[in-house]
Amino acid sequence: MQPATERAQLLEIRGLTKGFPGVQALDHVDFTLHAGEIHGLLGENGAGKSTLIKVLTGVFRRDAGTIRLDAQEIAARDPADALSLGIGTVYQEVNLLPNLSVAENLFIGRQPHRFGLVRTGEMRRRASDLLAGYGLDIDVADPLGSFSVAVQQIIAIARAVDLSAKVLILDEPTASLDAQEVETLFGILQRLKSRGIGIVFVTHFLDQVYALCDRITVLRNGRLVGSRPIVDLPRIELVSMMLGRELAAEALHRNHCTAVTGEPLVAFKAYGKKRLVEPFDLAVRSGEVVGLAGLLGSGRTETAKLIFGIERADSGQAFVDGKPVRIASPRDAARLRFGFTPEDRKTEGIVAELSIRENIILALQAQRGWLQPLPRSKQDEIANRFIKLLDIRTPDAEKPIGLLSGGNQQKALLARWLATEPRFLILDEPTRGIDVGAHAEIIRLIERLCEDGLALLVISSELEEIASYSDRVVVLRDRQHVRELSGSDVSADTIMTTIASH
Amino acid sequence: MTRRHLPVLITLAVFIVGYLICLAQFPSFASTRVIGNLLTDNAFLGIVAVGMTFVILSGGIDLSVGSVIAFTGVFLAVAIERYGLNPYLAFLLVLGIAALFGAGMGLLIHTFQIPAFIVTLAGMFLARGLCFVLTTDSIPINAPAYGQITDIAVSLPGGGRLTFIAMIMLATFGAGIVLAHYTRFGANVYALGGNRASAELMGVPVGKTTIRIYMLSSFLAALAGIVFSFYTSAGYSLAATGVELDTIAAVVIGGTLLTGGYGTIIGTLVGVLIQGLIQTYITFEGTLSSWWTKIAIGALLFAFIVLQRGLSAASLRAR
């Protein structure tokens, strides 16, 4: 295989600049993509990856700079225009139409037709042929929404490639896929690469970067940090390119609190709900972090929802301070001074249009009831205190929270519950979709909260991470709490073997 | 496959059961005369419902259709009777005006991203207001063309008549089915209703499609207005109030999801016929107040909306 640099330059971006009020999102960024190359685009949240992609695909206008595709200068007006120029994009949340058939999704806007009428049979035949090339044998007349996200993503890729076949941009395509699906996807990308398509791959997973990419470009704070072939790039150097500082290898390793003893703050006995989670026993003490580990769909989030009263338990009993309590709704849970930051930050966590201040005081205000509004001065005081305390990066508390990066949104959500002075906090995937820098900060925060005497229940798919800060780890499999690890058993390896064992 | 067609199958089942109940009580329901009248009497509702189906499929709503029907009647009456315009020319003219009116609403909805509810509500007041500007009286239409057109009919075996008006409605449904399911425009309408943002990213011409959808709806409302003027042979500013709501009810009972993206034109036909069936039953019954039609429609509508919620929840779970 010849080195990527000797191949034809497919896409050449020079001096790309784009500013938003208050933020320089892209500052003279260069980017070069060769034909038949998989190019990782990396950077922390807020580094400018999304903006680069959006300028490239015509969602945003650039302020300055040139974009050349096949040595021709281009300026896409909108994503459809970009597609017709030869730049296709597949997003993490598949942007296809679940209500239309697979065939219609593949061919919308270019359906084979005769006398103004769509030739449905012909369209379906072509769709089947197209998908067969990707190893998919499905009924293309079925609505897209009836297939799994992984299949939908492959369909989205097939569509983009069939439409443009030059540059394919994948924006965090693997975030919602399981390991086997990722492998299938990678196989497809390798095949597309060998056909000479240039692929831009945006991801947070460094393993995948090393497994798949030929070359990487790192952005930080809207500036180009560097573009390097992946083969001679040590992992630690890549991380330091992304962070702009040396990340101590120990950053993730917590000095475990001295063994926590005493009565549990919260306890659950034979707590469960049919078809959701099998009855389980669980106890968390003050100053203790309990991790919930397991594969996607193993019952982790379901456990959290049950504990926080989002789902109502149909068996067992909950105790706080040794006294039996009833948790039938999130209001009940909040009254017991529980807090919960959900997994799906965007739809279940933040209220995107409201300001950071309003988002932070939400839970506290809800507890007071709407008849006793928090005075504005108090609101400002709380918001500013937590912005400072948790280092939420924003010009001021009045910025809509939707405009913040994922890591800062997560911190604001934490602040929302911390403002209510909780005793027990449930964090569902607190570090998902967050860049490496903010990641370490969130973990440090978790440790600090624990030292402050909070009881914490943390769910995470990242085993190393969960092993590093948990005092105990509960492993789930098939909606069942299968084993509780403590002491020296708390390690990524043990968790993995427990998940894998039968 | 079956799950997708379940709403329309349920609608059909309701119609068949309803028809059988009517038949059991009044054997004359089997006569072609009743069936012919059912089609004729509900022709205007059917025509406007075809347009409304496209609007709702795209995730929108058109509240202006009742007013457009009234405007059409008033415009025809004034143009034909006061200014002596040729009726056929007046038809073409009013269809053109309505299409422009709809296109204007579509343009506003798309360009300024205003909810269709607001824009068509404004359109509703505007069209109704224009009626009163033209005239406040009920103007009878005496043009001979009217008599000629209403007399066109195909005799059915058994003494019934398939009128020209009913044929217009059936043709509109036929054209609607082809347009919805066998053209790129139709796919684009479904795409808009599925997810507007995704549709735009996929290169669906969102603006053009939106404008055409409302243009089609207003055009068909004007066509319905022409048909309506055949029934009444008059133009009256207060005619057809609330028809937009009957239309929406027919579309939803016909199995189209109010949130857009799912539904069929043929379902709407059945929805219209169910409304007509209830009306006919009450006429036959003789003792019931005609308001029972509204009550029955209300109950049905409620049942169908609950059913739709249930079905979409079930399909989410099945995933």
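Note that Cβ sites are derived from N, Cα and C of the backbone, with glycine treated the same way.
Keep in mind that TrEMBL annotations are predicted by a computer and have not been checked by a curator.
Since the structure is predicted, the reported quantities are computational estimates derived from the model, not experimental observations.
Residues or ranges marked as transmembrane segment by TrEMBL: B:6-26 (among others).
Annotation comment: TrEMBL describes B:38-57 (among others) as transmembrane segment.
Residues of the same chain lying 6 or more positions beyond the ends of the transmembrane segment (B:87-108) and with a Cβ under 8 Å from any Cβ of it are 62, 64, 68, 71-72, 75-76, 79-80, 114, 116, 119-120, 123, 127, 143, 145-146, 210-219, 221-223, 225-226. Marked as transmembrane segment by TrEMBL: B:87-108 (among others).
Per TrEMBL, transmembrane segment is recorded for B:114-134 (among others). When Cβ-Cβ distances below 8 Å are used as the criterion, the transmembrane segment (B:114-134) is approached by residues 55, 60-64, 66-68, 70-71, 74-75, 78, 101, 105, 108, 214, 237, 244 of the same chain, each at least six residues removed from its ends.
Here TrEMBL flags B:162-182 (among others) as transmembrane segment.
If you look up TrEMBL, you'll see B:211-236 (among others) marked as transmembrane segment.
Annotation source TrEMBL lists transmembrane segment at B:248-278 (among others). Sequence-distant contacts of the transmembrane segment (B:248-278) (same chain, at least 6 residues past either end, Cβ-Cβ under 8 Å): 4, 7-8, 10-12, 14-15, 18-19, 22, 38, 41-42, 45-46, 49-50, 52-53, 56-61, 173, 176-177, 180-181, 190, 192-195, 292-293, 296-297, 300-301, 304-305, 308, 312.
Summarising the annotation, TrEMBL assigns transmembrane segment to B:290-307 (among others).
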Most Cβ pairs under 8 Å with the transmembrane segment (B:290-307), selected from B:6-26, B:38-57, B:162-182, B:211-236: B:6-26
Range from B:6-26, B:38-57, B:211-236 with most C-beta pairs under 8 A to the transmembrane segment (B:162-182): B:38-57
